[in-house]
Amino acid sequence: MSGRLGELLVRENLISVQQLRKAQEEQQKNGTRIGTALVKTGAIEESKLTDFLSKQYGVPAINLKDFDVEPDIIKLVPKEVAEKHLVVPVNRAGPSLIVAMCDPSNIFAVDDLKFLTGYNIETVVASEVSIREAIERYYAEKGPSLEDIVGDVGDDIEVTKEETENIDEMAKAADDAPVVKLVNLILMDAIKKRASDIHVEPYEKDFRVRFRIDGVMYEVMRPPMKLRNAITSRLKIMASLDISERRLPQDGRIKIKMGGGKEMDFRVSVCPTLFGEKVVMRLLDKSNLQLDMTKLGFDAQPLAWFKEAIDRPYGMVLVTGPTGSGKTTTLYSALSSLNGLDTNICTAEDPVEFNFAGINQVQMHDDIGLNFAAALRSFLRQDPDIIMIGEIRDFETAEIGVKAALTGHLVLSTLHTNDAPGTVSRLLNMGIEPFLVTASLNLILAQRLARRLCPACKKPAENVDEQALIDAGVPPDKIGTFTMYEKVGCRDCNDRGYRGRVAIYEVMPFWDGLKELVINGASAAELKQEAIRLGMSSLRMSGLRKMMDGATTLEEVVGNTAPDRF
């Protein structure tokens with residue numbers, strides 16, 4: 001609600017538009033919250049603002065100046081957490097901890113407090129000014145640190161020279177119960193918040209943990225520098241990596257079992273940086289893997305084209321897009337629909353993200369010479385019906401894949417290109433002859449992922465910029481025939497306004513008209529123009545349809561797709 005607070009106060013005639021603008025200038029100048037800026041500029045009294053917030057959030061309001069919080073209560077919340085989330089614990093009530101917050105809708109803060117304290121969290125609202133004053137007052141002498149929560153792991157763990165490191169001590173610290181508890185907290189919190197990646201990042205004077213949620217990075221924690229090596233070592237031990245090797249990148253995998261028997265995999269990448277090892281973990285939740293093609297977000301005609309292309313006994317189907325655009329999900333859904341007792345499927349992947357019964361999956365190992373090209377050559381002696389190559393990276397892999405597609409095999413793979421027509425140019429630039437490209441390709445699919453508007457709180461847009469719609473590519477005659485929605489923010493979406501992502505597809509069957517253009521040396525722009533004439537919807541066109549259907553916003557479409565220019 002923070003972004004709309006000023007507008008709500010104006011609407012309730014508690015402040016004027018001029019006062020809001022003055023406060024916004026103060027906010028931009030000093031980086032404070034809008035509520036604090038309004039109080040500082042004299043637009044509204046602190047007590048009136050707190051009462052207003054209480055009504056908006058539906059929670060009681062308190063004046064922290066009237067409270068004398070017991071030290072035992074203060075110790076429950078580390079100073080770092082109090083300052084990060086602007087919270088102050090005020091009392092206990094049975095299994096619940098009552099916490100004063102200036103933004104009770106901050107689900108991240110509530111979750112962190114619940115994890116760290118073990119209490120159910122009941123929120124009350126207080127102004128930011130009073131919370132900052134309370135933090136300064138209660139934590140002035142010696143506030144509790146996060147180390148008090150996770151325990152002391154020993155001063156000798158932090159070292160300055162690699163040659164003096166004690167590996168036995170590092171391993172021991174990594175297995176200490178407090179460190180194990182903190183690492184488990186990070187992993188479980190990422191699962192609960194539906195993160196796709198966890199970043200554990202060391203810097204010269206700082207150490208932070210960030211989650212990527214719906215494609216956007218969010219900071220969630222700043223553990224003490226003292227625990228940096230212990231946390232990294234714990235993650236490396238869980239991933240069966242060598243904790244004594246800190247100069248080279250390492251890759252591994254973590255598998256954990258949660259309540260109810262559910263298992264979760266984490267793909268782990270460790271990379272040495274200037275101030276220590278950075279750990280990135282990709283969450284691999286097979287239960288959330290969508291393998292039903294009809295539920296991936298295809299429109300009816302593109303879905304029919306895609307199904308027809310993968311149902312052919314031979315030829316090549318390519319899925320393109322940047323990292324994190326959902327290519328693996330699309331390929332896995334295709335393999336799932338093709339997997340049967342009468343089919344031999346071989347895949348070369350780097351890495352293998354999910355295991356599938358009935359599919360022969362091979363993990364690449366470049367260090368011993370097992371790359372995509374080597375795996376492909378081996379597959380051709382394995383009597384395959386369908387071959388999936390994780391990525392076409394070079395001429396050798398492309399050449400073998402094309403030849404396999406021309407000799408009775410269905411080949412599925414990915415490339416990193418901006419759109420479907422651009423994939424043809426990439427293959428030609430790799431050195432594949434035009435006649436081989438036209439003879440082997442069945443279909444090219446380009447895709448992106450845009451954030452989906454939260455269905456629980458999205459609302460019709462009050463002000464629609466018609467010129468912005470036209471500039472984005474919406475036909476003028478379509479303006480006013482659909483309802484545009486805008487993000488709001490609620491507990492369901494952690495006050496972000498978005499929840500999950502929606503796929504945007506550009507499906508280009510390799511029609512005869514396109515083959516003729518390729519043979520004649522046409523450019524990617526000419527290919528795209530002809531494909532659209534033949535019925536293809538570009539990424540921008542598909543994205544705008546998702547917007548007109550109310551699934552996402554114009555900002556997401558424009559940010560994830562390029563305009564169609566010929």
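Placed from the backbone N, Cα and C atoms, the Cβ positions cover glycine too.
Taken verbatim from Swiss-Prot:
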type	residues	note
BINDING	G321, P322, T323, G324, S325, G326, K327, T328	ATP binding site
BINDING	C454, C457, C490, C493	Zn(2+) binding site
Near the Cβ of C490 (Zn(2+) binding site), how many other Cβ atoms are there if near means within 10 Å? 17
C493 (Zn(2+) binding site) sits from S325 (ATP binding site) (Cα to Cα, rounded, in Å) at a distance of 21
Rank the binding-site residues S325, T328 by how many other Cβ atoms lie within 10 Å of each Cβ and give me the one with the fewest. T328
Cα of T323 (ATP binding site) to Cα of C454 (Zn(2+) binding site), in Å and rounded, measures 24
Out of G321, G324, G326, which of the binding-site residues has the smallest number of neighbouring Cβ atoms within 10 Å? G324
For C490 (Zn(2+) binding site), the three-state class that DSSP assigns: coil
Would you pick out, from the binding-site residues C457, C493, the residue whose Cβ has the largest number of other Cβ atoms within 10 Å? C493
May I ask you to report the DSSP-based helix, strand or coil state of T328 (ATP binding site)? helix
Neighbours of C454, C457, C490, C493 excl. site residues, C-beta within 8 Å of centre, Zn(2+): P455, A456, K458, K487, V488, G489, R491, D492, D495, R496, G497, Y498, R499
Residue pair K327 (ATP binding site), C493 (Zn(2+) binding site) - Cα distance, angstrom, rounded: 25
Let me know how many other Cβ atoms fall within 10 Å of the Cβ of K327 (ATP binding site). 23
Compute the C-alpha separation of P322 (ATP binding site) from C454 (Zn(2+) binding site), stating it in Å without decimals. 24
Cα-Cα distance linking G324 (ATP binding site) and C493 (Zn(2+) binding site), given in Å to the nearest integer: 21
Given the binding-site residues P322, T323, which one is most crowded in terms of C-beta atoms within 10 angstroms? P322
For G321 (ATP binding site) and C454 (Zn(2+) binding site), the CA-to-CA distance in whole Å is 25
Those same-chain residues, other than G321, P322, T323, G324, S325, G326, K327, T328, found with Cβ within 8 Å of the centroid of the ATP-site Cβ atoms are T414, Q447, L449
